[in-house]
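Just below is one structure, and these are the notes that go with it.
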Amino acid sequence: MGHGTNRVEDMASPNNGTTAPATANARETIVEIHSVCLPPKKTAFQKLKKRFGDVFFPDDPLERFRNQTWRNRVILCLQSLFPIFTWGSQYDLKLLRSDVVSGLTIASLAIPQGISYAKLANLPPIVDSSFVPPLIYSVLGSSKHLAVGPVSIASLVMGSMLSESVSPTQDSILYLKLAFTSTFFAGLFQASLGLLRLGFVIDFLSKPTLIGFTAGAAVIVSLQQLKGLLGIVHFTGKMQFIPVMSSVFSHRSEWSWETILMGLGFLAILLTTRHISMRKPKLFWISAASPLASVVISTLLVFLIRNKTHAISFSEIEKTKTEEMKSLMQIGHLPKGLNPPSSNMLYFSGTHLALAIKTGIITGILSLTEGIAVGRTFASLKNYQVNGNKEMMAIGFMNMAGSCTSCYVTTGSFSRSAVNYNAGAKTAVSNIVMASAVLVTLLFLMPLFYYTPNLILAAIILTAVIGLIDYQAAYKLWKVDKFDFFTCMCSFFGVLLVSVPLGLAIAVGVSVLKILLHVTRPNTLEFGNIQGTQIYQSVKRYREASRIPGFLILAVESPIYFANSTYLQERILRWTREEEARIKENNGSTLKCIILDMTAVSSIDTNGIEALFELRRRLEKQSLQLVLVNPVGSVMEKLHKSKIIESLGLSGLYLTVGEAVADLSSTWKAHGQP
């Protein structure tokens, strides 16, 4: 296998999948044979260090600390831990003006959304997550445009998981404790992923899984809002499609045409303003202001209607019924003041601790996935980087702090962030402005929401979640990858018909099954030569690629290790039997050599090496030679240490398929073999 030249015949043919003639119209070419080198020697510690760095520190965060003075290192360390130090020194009045406008704009959206999403999580409206968490994120977060707050998916998941075991009405104190504890564990899990640089864990929630999950959750959330839009008094607490629809139609007598008319009217207004802002982004302020405007208008309408009907005389039974309907129709009394500390309500022992941990981990993963995705989306629009690990720590720490201040799971909201971006936000100060506006509302304005009807909260939630149903993305999955579409549908129908956490678990299970199928049943291809070149490609993919007489050229497109080594061995032997049958049927040249292109084999373990030994032994019994081509550095090193290179001989390892075919063909010709 040393350097040298061989005169070989060009045996390519334009026929699809056919065998090239060995002598007809042959052109002689010069092919230089190169040796396959071993990688540079490294100690076990050096290999472990490199592998550890590649897995946990792909961005090399310590690079900018090198060759710096101690003073600069301290400054860089502060900037790494607290991104506010990076842009804080350059902050000026112009930036402040832009951030104040955007902060007040998203506050107008955050206040009604906060009340609505707390209701979705079966929590009191006072439990709002738009004050403390934004302040924490503005110091620790690396995104300039991410507007944090509660989101519909996390609210829905928390509400559905906790309410399955604890009633939010009959045992409200325990429910609150579990909600705050779940938020704490969500934050702890998120911060741990960032500190330990284990962000790849959230990659198990594939895009098809999230598309199906969010669509299914959006449908469930929308159906739950029928209670408010139809004015139903007695409604199921279950979160599945069939029980919800059964509850809707079994209580038709409770439908209120006044509530339906008002609810559909406000829903139409909110959807129209959303559509206008999507078509014309410069009019973002219309959709941003419409929720708060709708809350104000609907509150005034209910107040006027209530005062008008207050003087009407009713019987005692009718009065009782009317008061019951009114209490369900409107939010009721909301105490003003700061959110009370809730650290004393964290639930670290008892029978429901496992439920709190499970709920925290699931909501933590979902909110973290959404927050990072939203942050990176808007960062790409402005051409700056968002550090994933910093985001995990920022979101985690703000949830841990939020759990101690009567807040539940919080993350980056797409709707708020879109409004924040279009409003011209320049830095995370917009979150501080939003938090300040929420603080003023908590201190002075909460009693004004007494007459706010539940129907407007339902309309706001419906408007927000409708955008989560991405049918175009699902259709694209169908066109591109049917298995991904199947995963999406498993997630969608699992959430819709079974439950939110089980639907997500089913989809993750299907995604893991897909990984296992790719791992345990890797793809193998048969290669042929493209006429007039030294290029070898799949005979099924390229019509001009033709087989070479005497050779079966195969390529493996995966690592070779314990999970697939036996399968690959059997699959290669099957390729061999099929090729011999084809040759016999067409009276072709005798098969002499199996060339295994290992360019795409990124790694191999001892099981894979043993499989190659066994494959070589079984092929030798059939008078067939096994040749390996272009193993990568780490694979070559293991093959060398295992002595398989010696057993293959000098003609058993080549740098390219073309060199292998040329050298072996010239050797056979020199020995007078056909």
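Any Cβ shown, glycine's included, is placed from N, Cα and C.
According to TrEMBL, the region 'Disordered' annotation covers 1-22.
As annotated by TrEMBL, compositional bias 'Basic and acidic residues' applies to 1-10.
Look at TrEMBL and you will find 12-22 tagged as compositional bias 'Low complexity'.
The transmembrane segment annotation in TrEMBL covers 145-162 (among others). For the transmembrane segment (145-162), the list of distant contacts is 106, 110, 113-114, 117-118, 120-123, 128-130, 133-134, 137, 168, 175, 178-179, 182, 213-214, 217-218, 220-221, 239, 355, 358-359, 362-363, 366-367, 370-371, 374-375, 378-379, 382, 395, 398, 408-414, 416-417, 419-421, 425, 428, 430-431, 434, 461, 464-465, 468, 499-501: same-chain residues at least six beyond its ends, Cβ to Cβ under 8 Å.
Long-range Cβ contacts of the transmembrane segment (174-198) within its own chain (Cβ-Cβ under 8 Å, at least 6 residues beyond either end) map to 56-57, 121-124, 127, 158, 162-163, 166-168, 342, 345-348, 352-353, 355-357, 359-361, 363-365, 367-368, 388-404, 406-410. Annotation source TrEMBL lists transmembrane segment at 174-198 (among others).
According to TrEMBL, the feature transmembrane segment maps to 210-235 (among others). Beyond the ends of the transmembrane segment (210-235), by six or more residues, the same chain brings 120, 152-153, 156-157, 160, 241, 244-245, 247-248, 251, 254-256, 258-260, 263-264, 267, 324-325, 328-329, 369, 453-455, 457-459, 461-462, 465-466, 468-471, 473-474, 477, 487-496, 500, 503-504, 507 to within a C-beta distance below 8 angstroms of the stretch.
For 255-271 (among others), the entry in TrEMBL reads transmembrane segment. Long-range Cβ contacts of the transmembrane segment (255-271) within its own chain (Cβ-Cβ under 8 Å, at least 6 residues beyond either end) map to 228-232, 290-291, 294, 297-298, 301, 325, 329, 453, 455-456, 458-460, 462-463, 466.
Residues or ranges marked as transmembrane segment by TrEMBL: 283-305 (among others).
As annotated by TrEMBL, transmembrane segment applies to 345-368 (among others). Note on the transmembrane segment (345-368): residues 151, 153-154, 157-158, 161-162, 165-166, 174, 176-178, 180-190, 193, 201-202, 205, 392, 395-396, 399, 403-404, 409-411, 501, 504 of its chain, located 6 or more positions outside it, place their CB under 8 angstroms from a CB of the stretch.
What TrEMBL lists as transmembrane segment is 428-449 (among others). When Cβ-Cβ distances below 8 Å are used as the criterion, the transmembrane segment (428-449) is approached by residues 83-84, 91, 95-96, 99-100, 102-104, 106-107, 110-111, 114-115, 125-126, 128, 130-132, 134-135, 137-139, 141, 143-144, 146-148, 295, 299, 331, 333-339, 420 of the same chain, each at least six residues removed from its ends.
The transmembrane segment annotation in TrEMBL covers 455-473 (among others).
Same-chain neighbours of the transmembrane segment (485-513): 156-157, 160-161, 164, 204-206, 208-213, 215-217, 219-220, 239-242, 358, 362, 366, 474, 477-478, counting only residues six or more beyond its ends whose CB sits under 8 Å from a CB of the stretch. For 485-513 (among others), the entry in TrEMBL reads transmembrane segment.
As a whole-number mean, the pLDDT of the domain 'STAS' (541-664) in this prediction is 90. According to TrEMBL, the domain 'STAS' annotation covers 541-664.
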*Which numbers of helix, strand and coil residues does DSSP report for the domain 'STAS' (541-664)?*
63 helix, 23 strand, 38 coil
